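A quick write-up on the structure given underneath.
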Amino acid sequence: MDEVIKAKRQQQNAGSSLRAITIRGAREHNLKNIDVEIPRDKLVVFTGLSGSGKSSLAFDTIYAEGQRRYVESLSAYARQFLEMMQKPDVDQIDGLSPAISIEQKTTSKNPRSTVGTVTEIYDYMRLLWARVGVPYSPATGLPIESQTVSQMVDRVLALPEGTRLYLLAPVVRGRKGEYRKELAEWLKKGFQRVKIDGTFHELAEAPTLDKKFPHDIDVVVDRIVVRADIGQRLAESFETALKLAEGLAVVEFADAPAAAPAEEKKKTAKIHDKSGPERILFSEKFACPVSGFTIPEIEPRLFSFNNPYGACPACGGLGVEQHVDEDLVIPDKELAIGKGAIAPWAKSSSPYYVQTLTALGKHYKFTLTTKWKDLPKKTRDAILHGSGEDEIKFSYEDGVRSYDTKKPFEGVITNINRRYRETESEWAREELAKYFHDVPCGACNGFRLKPEALCVKVGTKHIGEISELSVKKAGEWFETVPEALNKQQNEIAGRILKEIRERLTFLLDVGLNYLTLSRSSGTLSGGESQRIRLASQIGSGLTGVLYVLDEPSIGLHQRDNARLLDTLKRLRDLGNTVVVVEHDEDAIRLADYVLDIGPGAGMHGGHIVAEGTPAEIMRNPKSLTGKYLTGELEVEVPERRPPNHRRTIKVVNARGNNLKNVTAEIPLGLFTCVTGVSGGGKSTLLIDTLYRAIARKLNNASEGAAPHDRIEGLEHIDKIIDIDQSPIGRTPRSNPATYTGAFTPIREWFAGLPEAKARGYEPGRFSFNVKGGRCEACQGDGVIKIEMHFLPDVYVTCDVCKGKRYNRETLEVLFKGKSIADVLDMTVEEAADFFKAVPRVRETFQTLHRVGLDYIHVGQQATTLSGGEAQRVKLAKELSKRATGRTLYILDEPTTGLHFHDVKKLLEVLHELVAQGNTVVVIEHNLEVIKTADWVIDLGPEGGDGGGEIVAWGPPEDIAKAPRSYTGKFLEPVLKKARKPKRRSTSEAAE
């Protein structure tokens, strides 16, 4: 530990725990028994190399202990419902507050979770529509209202005195039947007259009705002449009518009505039959007088798509329905029928499908060598959707028996639908699901709600329309709502609107103006999810809390970074301690206090290299971060490679999501950056359109591409690889060694050792996934899980293998004194040195070293790797493959979780891939990466509806000069201070 830092700590007084979080002896993961004091109520940034111990200190020590102490203070009953954190390996922590962690994990993969529900904006919207929304009739477009009996009486008494009226109970409205039994029942109850299909009759002399035709029947409850003293009688008559007609009553004018007051006309729903008198419908419920469309009581649950009371019955509130996609069933229309044109049948080895197609060919006059595109439309429809009543003769033979049958053909798509519904096999269901795609629900048009909810409007909009707006446009709309409401409604809505507007403002402040409120949470990136939770926390207004954040700037353009940092300062100014694990230069410079952890990664990290204000960090010669902040070290700009405009991949008229018929050319053999503000359309262009379209063409992938006309230039590449941040495995059994393929030669090496050969061990003996060499007590896991209910689940080291995963006999086979279990426990750096005599193993670990993953363990569970680490493991796997020089690599924000120094190493690797003739395209906001690109495509200019256009393209220098490019504005000063080697000019490159 630095002597200066120790002396500084000794000078601090005994009351420092009130002003600081004091940590003594932190040893979690790679932390080297460190002591540190973090000032309270400040914005504190933890920085350092990837794997140096930042998250171990911030999340696994400080947050874990703060959360553990809070949960421990609750009753045993409450604790069983909460996740208990293990006590971190630390001697003492003082000055802790209740801790809240805001990490990069996606909020929820549940399709019912949306931006609106996660931020609680939608909950307030439901309340707003329930309290001040006005229902409108789908038939007439007029407002429909419910009234109390008192309101009904008041409306009638407001008519001119002397007006003659009939008070009717509309018991039958447009329904077929004879109604003999009902007519007799009403007569028995004492009613005298009835109006049937527009004509009054004595009940005793009512005509016989034709049951084949619909009828309207109104029972006459009372005949009234409007006078001031009939209020009591009117109330009783209304109650009788409402009871008889299930909440409805009609007042019909016996003469032509006199003009009612203007306000009354507005409030009263009327119907006017050309051949009959004018009527006023009153309803205890909400009901349309023309169509009979009724709404139950308007309450918040009516607007919830997660509640059967409000969800669209057709799609169950999901807003989409699954349909078989014809393009997925027939991905390549150039293929012959017998060569796999019908994808679901192409993989099967069963003769059934060939025999079925042969029979169809005989019937419809085609052969198995006929290309799909050459079939007549009628034949294609019959193959896909069935032959209808047309019977076809089929002959089947399975090697045992043969038989003939004559029947209609159900069709490939019909067959997929039926099997998907009927199968109980999860595997079969997953296979069939590849041919489905989501389409907006036809019943609710994707709004998720039943018709009754969508007819309720605030102003002129129903709740579904506002959910489809971006955060920015929704904010503008909610500002105008008070103008559309009357005084009473504004009193009700005032507090609700305030809460909604505040939450929308917080989302704007963290750069999420482009998201729609209906956007599914599962489609958000880790950075977007984290910033949504950050906005929610500011909305909660808590004080005295410890917030721990993990790189909130991920996925955020430099333009929006200042607003994010203002948000963090606002959180601090509320009286909270904000600890941020961050590599962003602006965030480090803005911090009140910085901890630089290092000096290296993994076993070489875990020390406090420097601490203090940003200025003190920059003055500390030991701080690698400080050297990058001062400019002593930097990511250098390599010489640009000139584009060859004859070798490009061209996307023509991409129009998915917010893209506005974009045509983009990506030069091959270069390092290209796709840039632009968040929500500008980068992922839609690169992942949803380019990658999916090419992957379907080259790899027969099942996911459909976003709408576009065509992709040109595919002849120049032989494969496309999306190196994303999804986990390298879904189970703890998957690890870097198994994913990169290094574990197979390791097992083969151990199987080739003299001791293993003498015992007859094969490579399978050294696998922890199969019986033989693994410990059967824990089935190769090394630990046994014990559920503790109101305490955290305890993972006890297996008594039999002592956590080694293998049985004793397998562990007796040693190489250089190490067993297979010892190898799995090594870091990548240790393993590369250990296997330096085994080229196949050494080379794989060296590629992991080159992407900056020295510190991860060979057998580390895949589920414990961050998104950035998983992405770099995938990159290492690609690096270890034999290069063809014709691969297109796509990476989405590969600098996630990387320090300046790690970025430098990553860029060396990416440029090496390009040097081999490959093409690398990255979506990136990091200016240190953008400045090293050969070519840049900048999308925007804004996010959401304001984006979706190519603002600028060319070398970084051209982007810096583009007047409409936000990226260029921030890139220009970075390029000016960058060290520039001699390079070709753009004009030379063009030649």
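Cβ atoms here come from the backbone N, Cα and C positions, even for glycine.
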For the zinc finger entry in Swiss-Prot, name the matching range from 775-801, 910-936.
775-801
How would DSSP class Lys682 (ATP binding site) in three states?
helix
Which number gives the other C-beta atoms within 10 angstroms of the C-beta of Ser50 (ATP binding site), all protein chains shown included?
29
Between Ser52, Ser678, which of the binding-site residues has the fewest other CB atoms within 10 angstroms in the structure shown?
Ser678
Excluding near sequence neighbours, so keeping only residues 6 or more apart in the same chain, what lies with its CB under 8 A of Lys54 (ATP binding site)?
Phe46, Thr47, Gly48, Val581, Ile597
So Gly680 (ATP binding site), by the Cβ count within 10 Å over all chains shown, scores 30
